[in-house]
Each structure stands twice: as C-alpha cells, then as structure tokens.
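J.: The structure's right below; bear with me while I get my questions together.
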C-alpha cells in the first residue's frame with residue numbers, strides 16, 4: 001500500500017494515465033478507410049462532395065477554435081480540456097456512425113476540429129504535474145504511445161477489412177468502445193495545481209521556466225546542457241503582469257504572452273519556425289486529401305483495402321526516422337537549412353510521383369517517403385527550437401508556428417479546394433501541393449547555401465586571424481629569444497673577464 005501511495009504521488013502515475021488515454025484515443029481503425037466508408041453504400045456521398053464540401057470545414061473550424069482552446073487549456077488547467085477532447089471524440093464517432101448527409105458530416109468535421117485543437121492539452125498537461133528533470137522522458141513516452149496507437153489502429157483496421165472480420169459500422173462501434181475507455185481514464189488524471197501562464201507559482205517557477213544564459217546539446221544524451229547560471233529572463237513589469245494574471249486579470253496574462261512571444265523568435269529560430277509553418281501546412285493538406293487521390297488512382301480495382309497497411313508502415317518508418325535523429329551528429333546550425341531545402345525537394349518529388357505516375361503502388365511508396373521525410377525534418381526543427389527555449393516559451397512557439405501553418409492552410413483550402421473557390425479536382429490539387437513544396441525547396445536551398453558559405457568565410461577569417469596572431473607571437477618570441485641569448489652571452493663574457501682579473 002505504501003508503494004502504491006508513493007507511485008501515485010510521483011511522476012509515474014499521471015504519466016501512465018495520460019499514456020493510456022493517448023493510446024486508446026489514437027487507435028482509430030476506420031481512419032485509413034474514411035473515404036471508402038463515406039463514398040460507399042453506408043453514407044452514399046460522392047468523393048467530390050467529401051473533397052470540396054466536407055473536408056474544408058475542418059480547416060476553417062480548426063482555425064476558429066485553436067486560439068480559444070489554447071487559452072482555455074491553460075486557464076482550466078488542462079484536465080477538463082483533456083476530458084472535453086474525449087467527449088468530442090465520442091460525438092465525432094457517433095455522427096460518423098448514425099448521421100446521414102453532407103450537412104451532418106460537416107457538423108462532424110466541426111467536432112473533430114475541436115478534438116485536434118485540444119491536442120495542446122494532451123501535450124501540456126504533463127508539464128504541470130511532473131518536475132522539470134522528467135520533462136524529456138515523459139514527453140518521449142506520450143509521443144511514442146500516441147504513435148503506437150495510430151499504428152495499432154491502422155493495422156487493426158487493415159486486418160478487419162482484409163479478412164472481412166467487421167463491416168465499417170462494426171469498426172466504428174469498436175472505436176466508440178476504445179474512446180470510452182480513454183474517456184474514463186482521463187477522469188482519473190490528477191488535477192494540476194498550476195499552469196504555465198494563468199496559475200503560476202512565483203519565484204521558483206519563474207526561475208525554472210526561464211531559459212539558461214547559454215544552452216548547448218550534450219551529444220551523448222541528446223539533452224540540453226546548461227553552460228551558465230539559470231537566470232530569470234522576465235523583467236519586473238512582466239512579474240507584475242504574472243501577479244495580475246494569478247488574481248484573475250486576463251488582460252495582464254495576454255499582455256505577458258505577447259511580450260514573451262515577441263522575445264521567442266531570434267534570427268536563427270525564425271528560419272526554423274518559418275520552415276515548420278510552411279511545411280506543416282503542406283503536410284496537413286497532403287495527409288487530409290491523400291485518400292481521395294488513392295481512390296482516384298486505384299479506380300475500380302478497390303486498392304483501398306491496403307490503406308491501413310500503408311498508414312501503419314508510414315508511421316513505423318516515420319518513428320524510426322525521428323528516432324535516428326537523436327544519434328545523428330551534425331552541426332545543424334550550419335547545415336540545417338540546407339538539409340531542410342534538400343529533403344523538402346525530395347518531398348516535392350514524391351508528391352509529383354504520386355500525381356503523375358498512375359500506379360497505386362508507386363503512389364503508396366511515394367506517400368511513405370513523403371511522410372518519413374516530413375517527420376525527420378520536423379523532429380530536427382523541434383529539437384533545435386526546444387534547445388534554445390524554456391518549456392514556457394516553447395509552448396508559445398509551438399502554438400504560434402501551428403497557427404501560422406493553419407492560416408496558410410485555410411487560404412490554400414479556400415482558393416484551391418473549396419467548392420466556392422477554384423474547386424480543383426484531386427490531380428490538379430496535388431500539382432499545387434508539389435509546386436508548393438518546390439517553392440519551399442528553392443527558398444531554403446538558397447538560404448542554406450548562403451549560411452554554409454558565410455559560415456565557411458567566417459571560419460576562414462577566424463583561422464587567418466589566428467594564424468596571423470600565431471606568426472606575430474612567434475616572431476616576437478624569436479626576437480625575444482635572440483635578445484635573451486645575446487644578453488646571456490654578454491653576461492657570460494663579463495663573468496669570464498671578472499674571473500680572469502688578478503686578485
């Protein structure tokens with residue numbers, strides 16, 4: 001009993017509960033087969049209606065609810081929003097199971113946008129209930145378990161569809177059961193006593209969440225290592241704003257958030273964040289509409305039965321790529337932007353292969369490559385940004401980058417996809433997405449080349465200065481040595497003269 005009490009009082013108990021919730025809420029066996037389900041006899045909605053009328057609603061709704069949910073997550077201290085996410089997941093699955101028609105599916109997309117916006121609560125909750133030294137470990141657990149859930153869901157759905165074990169509606173009923181388990185688990189989460197912005201403890205928390213003076217990465221452990229003394233970076237006015245926020249004055253907290261946000265983006269972080277926002281926008285568009293492309297390329301051959309397997313493989317390979325980043329020793333400050341441009345170019349090539357090669361297997365392979373490349377680069381970008389920021393400021397940058405990506409995604413959706421815009425077919429859509437990543441490639445290749453050349457130039461100048469200084473000091477040393485030798489010879493001669501004088 002005493003061991004159980006210690007476990008519940010430590011960081012393992014909330015981590016285990018949150019990981020359990022993350023796993024069961026991520027197991028979605030129907031998701032790889034959503035297009036065949038909606039366009040099949042169960043819903044009888046055309047692929048064009050799904051593409052141009054239903055899916056765009058998620059993008060618009062997500063943009064509207066993202067910032068309010070972000071602020072409410074911190075104000076309500078995470079747990080209520082995690083529970084609310086589970087409730088919206090239940091509603092989403094229920095609408096998919098029982099509702100009919102385009103309008104009902106659009107309402108379903110609104111509820112699902114709330115689910116995706118509440119992801120910030122899932123990843124932020126753990127920071128408020130565990131100590132700072134456990135942050136990297138519990139973050140890895142939560143992300144890994146969620147990815148495992150996606151993989152298990154894809155494999156489970158693939159097996160059920162391939163062997164006709166369940167109908168699509170039966171799979172949805174199973175999904176409701178899994179979500180119910182996640183919802184019940186979330187109710188047992190301990191209620192945090194503090195949050196990052198609205199409910200902060202003074203003094204200790206300010207120092208704990210402030211970035212170090214200098215930060216480097218330990219190449220052995222991959223963890224940030226402080227090279228200086230931890231000093232709070234907030235000025236006196238910001239601390240006053242904190243106290244105002246703690247007493248319920250939201251305007252003070254919003255003002256502090258804005259000040260913190262402006263301080264987050266240094267010149268180096270700005271380019272990493274720019275790529276994050278641009279690439280995430282293109283990635284989300286691709287993932288959202290790729291099933292429509294598969295349905296178009298596969299045609300009447302019903303290749304949709306392999307969608308779950310493709311998603312499972314892409315998730316596993318993506319996890320492997322992201323894991324490999326931790327063992328790669330590269331000077332990302334010099335080569336990072338060039339890597340962003342180069343791998344983005346490979347992603348653009350994969351999109352063009354999916355578009356112009358009318359073969360479903362090529363399309364599947366190109367999608368796996370595209371997803372792996374994105375996961376590799378976004379892991380590097382997250383690592384580079386997190387290494388220079390406190391947890392608090394990282395949350396701001398994370399939210400800011402995703403918000404910019406969502407704004408761009410909304411613009412692209414309204415112009416390219418929406419039935420009130422150009423309403424392009426799926427092939428022209430993916431030509432646009434491939435061209436979009438080509439633009440990212442050109443931008444970051446040019447920037448990367450400039451960074452490499454300028455870094456090499458500074459290195460050569462520094463080396464030349466060191467060599468000049470060394471040669472100068474060597475010349476001085478030689479001259480001083482000669483003078484010392486002459487002085488020594490003169491002293492020796494005088495000594496000999498003194499010795500030779502008659503006494």
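All residue numbers here begin at 1 and follow the chain in the order shown.
Quick reminder: no glycine exception, Cβ is built from N, Cα and C everywhere.
Annotations in TrEMBL come from automatic prediction, not curation.
According to TrEMBL, the protein carries these features:
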- 211-224: compositional bias 'Polar residues' (COMPBIAS)
- 208-229: region 'Disordered' (REGION)
- 57-76: transmembrane segment (TRANSMEM)
- 83-104: transmembrane segment (TRANSMEM)
- 110-127: transmembrane segment (TRANSMEM)
- 147-165: transmembrane segment (TRANSMEM)
- 171-191: transmembrane segment (TRANSMEM)
- 269-285: transmembrane segment (TRANSMEM)
- 305-326: transmembrane segment (TRANSMEM)
- 338-358: transmembrane segment (TRANSMEM)
- 364-383: transmembrane segment (TRANSMEM)
- 395-417: transmembrane segment (TRANSMEM)
- 429-450: transmembrane segment (TRANSMEM)
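Can you tell me where each of these features sits in the structure?
T.: The list of residues near the transmembrane segment (83-104) in space but at least 6 beyond its ends in sequence, with Cβ under 8 angstroms from a Cβ of it, reads 21, 25, 30, 37, 43, 45, 49, 53-54, 111-112, 114-115, 118-119, 121-122, 169, 172-173, 175-176, 179-180, 182-183, 186-187.
Non-local neighbours of the transmembrane segment (171-191) in the same chain are 13-14, 17-18, 20-25, 27-30, 33, 77, 79, 82-83, 85-87, 89-90, 93-94, 96-97, 125, 129, 157, 160-161; each lies 6+ residues outside the stretch with a CB under 8 Å from one of its CB atoms.
Long-range contacts of the transmembrane segment (269-285) within its own chain (CB-CB distance under 8 A, at least 6 residues past either end) are made by residues 336-337, 340, 344, 371, 374, 377-378, 381-382, 384-385, 388-389, 397, 400-402, 404-406, 408-409, 412-413, 433, 436-437, 440, 444, 447.
Counting same-chain residues at least six beyond the ends of the transmembrane segment (305-326), those with a Cβ under 8 angstroms from any Cβ of the stretch are 29, 31-33, 36, 144, 147, 150-151, 154-159, 161-162, 222, 291, 294, 364, 367-368, 371-376, 379-380, 383.
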J.: With CB pairs under 8 Å as the measure, which of the listed stretches 338-358, 364-383, 395-417 comes out on top against the transmembrane segment (110-127)?
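T.: Looking at each of 338-358, 364-383, 395-417 in turn, the most contacts to the transmembrane segment (110-127) are made by 395-417.
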J.: Six or more residues beyond either end and a Cβ under 8 Å away: which residues meet both conditions relative to the transmembrane segment (395-417)?
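T.: That would be 51-52, 55-56, 59-60, 62-63, 66-67, 70, 120, 124, 127, 196, 257, 260-261, 264-265, 269, 273, 276-278, 280-281, 284-285, 289, 385, 389, 423-424, 429, 432, 436.
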